[in-house]
Amino acid sequence: MHPAAPSPDLETDLREQALAKQRQDPRRLWALFWSIARPYWRYAPGARASIAWVVFLGLVRSGLSVIFSYISRDFWTALQKKDVAMFWRQITMFSVVLLCALPILVWYGYAKDRLALTWRKWHTEKILGDYFAKRTYYEIDQRGTVDNPDQRIAEDVKAFTSTSLMFFMSVLMSCIDLVNFSIILFRIYPKLFIVLGFYSTFGTVVATLIGRRMINLNFLQLRKEADFRYSLIRIRENAESIAFYSGEGREKVETERRFDSAVLNQLDLIVWTRNLAFFTTSYAYLIQILPLSIIAPLYFTGAIELGVVSQSQQAFHHVLEDLSLIVNEFDRLSQFSAGIDRLGELEEFIYARFAEGEDRRSKNAKDPDSFDKGGVPGLDDSDDGSGGMDDSPGVDVHDAGFAKMYGRADGIARYRKLREKATSADDEFAHDLLLAEGGAGDVHISTKITPNGESKVVVKNLTLMTPDKHHRVLFEDLSFTLEPGQRLLIVGPSGTGKSSALRALAGLWNRGRGSVMRPPLSSMFFLPQRPYCTLGSLREQLVYPTPLHESSATEEELIAALELVNLEKLPGRMGGFDEFRDWSTVLSLGEQQRLAFARLTIGRPQLAILDECSSALDVASEERLYSHLRESGIGYISVGHRPSLFQYHDIVLRLGAPGAAHDIEPIGPGSS
Ligand SMILES: Nc1ncnc2c1ncn2[C@@H]1O[C@H](COP(=O)(O)OP(=O)(O)OP(=O)(O)O)[C@@H](O)[C@H]1O
């Protein structure tokens, strides 16, 4: 008999517990830290020279603190001996050294902050490049395994770079300080040195044991704060819908729930910080009497002077501080570890995606027929279906040179190692990650580009699955051919997968079987079900997705496009083509759909994909827009429910549920 399957709640709890345990594993954290930090030091120009400069300034600063310790020793001895001349000599010496040291002390902080900022800029740009490449932002959104990527990119990178640098310099300076002041201390009284060694080791071990839990609590805190902020952003984005529904009550409950969850976790954190503080505070206060109680007897017997007592006290402080870095910074260190984990998750996701793409590409290279046994011979299977930004044959924005420059090759290699580990050993983290990313054993739809980029579409035995972990089959065995210039209407009950079929065509969804051949994305234009207005001016809306500086559209063309969709008055009403507005709130849904049509006419594609993009238009406007498309000879595939749509198409495809047949027929007069 099989044991009963654990309930989903219990399963989630167990999974969270396992992940919490992994987050505390120092070896894993270190590997993660190194994989995130390494590319900058390896590939960014000038990075190593900058850190060398910061280290140099740090060394000088450390040397200066030794000089100050000797001046201070003689200062106290002069006081003890009541030697006025010596006292003023030390004061003068102190002032001169301070004057020379000041620029170095200030410059050190400045150089460190600048380096942290440069590192952040480099790393953020690298992640942004990856985030927008191969539609990673879309995949993250669809798979839902990496929460709040925006927070990770905006805040975790910033914290990572500045804290890494701070810790690196602290550790380095501590080592140098340690050597300098240990020598001083050892010279004064070796016994002091031994006591110090025991004391600091004891402190580090106890602080680590007490504070370990804080790593996971900090990880959760970052997530909960980001969830809370996201709920507020959603309210801002959907303010009007919520206001119509009078949904404030429900929204308030949800927002407060997220906030309370963050507060509860923070409370836990505060409790653990308090527990840790019981120890760290007593540890810090004991330092004031510990060295004195050991060295004072020597002073009372007259073996040493007061200056030596003060110097040994200072040296003890320095060395102990160096040895107690973990005790003193545990709180910050645990926040830092949490940040590493979140950033690591995001980067692992990105690498997994690139590794996935590369694996598929190399598999195709070895076996060109592997995806499409009945495919058209001689086709360039360069499009891996994962949504490259430019999928014209042979072009990949992430070619080898680019990957090397940004260290992605390292990341991919790391990911592959992880995958090996997941299959050869019982590594829960690796398994988890692979499961989240879709892992081995996946089936993918093969996507090919038509020869010479002609606007033909051939779909063969296409079975499509949802991209989430359930991989629900939406429809099976769909085949059709659309010749250049032909117009296809896809109809079917709500939820059968009509929009999803378009997603498969665009390469957004690629889980399933069968093959798709279509023109390159650069000669296709998609009008999605929900109109989208980018942040920017009216001109930028119209030429979207082409960046303004790359667009060759003239003002006359923009006006003509607006006239076609009956929006010619829009620039006058909104203050001109260069006016910035929040277009998705100032335009009605129908206006946004018409604006999208205007974009389509400016983009002049060979093939247009229209997903219920005229649902908010009146019948007369719909007719005008479709007639224009027909006259301009653009082939298109539409999805829609309205009977009026039939007259603008040549073929209708009635999509069936899984297991059911699909009905494809030419549209004649009277079809509906
Ligand atoms: N990201 C996703 N993960 C899992 N399932 C999804 C996802 N997006 C959509 N689905 C599901 O896939 C199914 C098909 O969705 P699709 O949008 O293709 O339907 P449709 O036929 O276009 O419906 P409608 O006519 O209502 O627009 C739906 O049941 C939907 O819930």
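Keep in mind that glycine also has a Cβ here, set from the backbone N, Cα and C atoms.
Keep in mind it's a predicted model, so treat the numbers as computed, not measured.
The feature compositional bias 'Basic and acidic residues' is assigned by TrEMBL to 361-372.
Among the features that TrEMBL reports, domain 'ABC transmembrane type-1' is placed at 52-335.
Annotated domain 'ABC transporter' per TrEMBL: 457-667, in sequence order. Over the domain 'ABC transporter' (457-667), the average per-residue pLDDT in this prediction is 89.
Residues or ranges marked as region 'Disordered' by TrEMBL: 361-394.
Under 8 Å from some Cβ of the transmembrane segment (51-71) lie the Cβ atoms of residues 41, 90, 93-94, 97, 101, 104-105, 107-108, 111-112, 115, 165, 169, 172-173, 176-177, 180-181, 184, 311, 314-315, 318, all in the same chain and six or more residues away from its ends. Taken from TrEMBL, the feature transmembrane segment covers 51-71 (among others).
Summarising the annotation, TrEMBL assigns transmembrane segment to 91-111 (among others). Sequence-remote contacts of a segment are chain residues at least 6 beyond its ends whose Cβ falls under 8 Å from one of its Cβ atoms, and for the transmembrane segment (91-111) they are 50, 53-54, 57-58, 60-61, 64, 67-68, 71-72, 75.
Marked as transmembrane segment by TrEMBL: 165-186 (among others).
Summarising the annotation, TrEMBL assigns transmembrane segment to 192-211 (among others).
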Surrounding residues of the transmembrane segment (192-211) on its own chain - C-beta under 8 Å, 6+ positions past either end: 182, 185-186, 272, 275-276, 279-280, 283, 286, 290-291, 294-295, 312, 316, 319-320, 323-324, 326-327, 330-331, 334
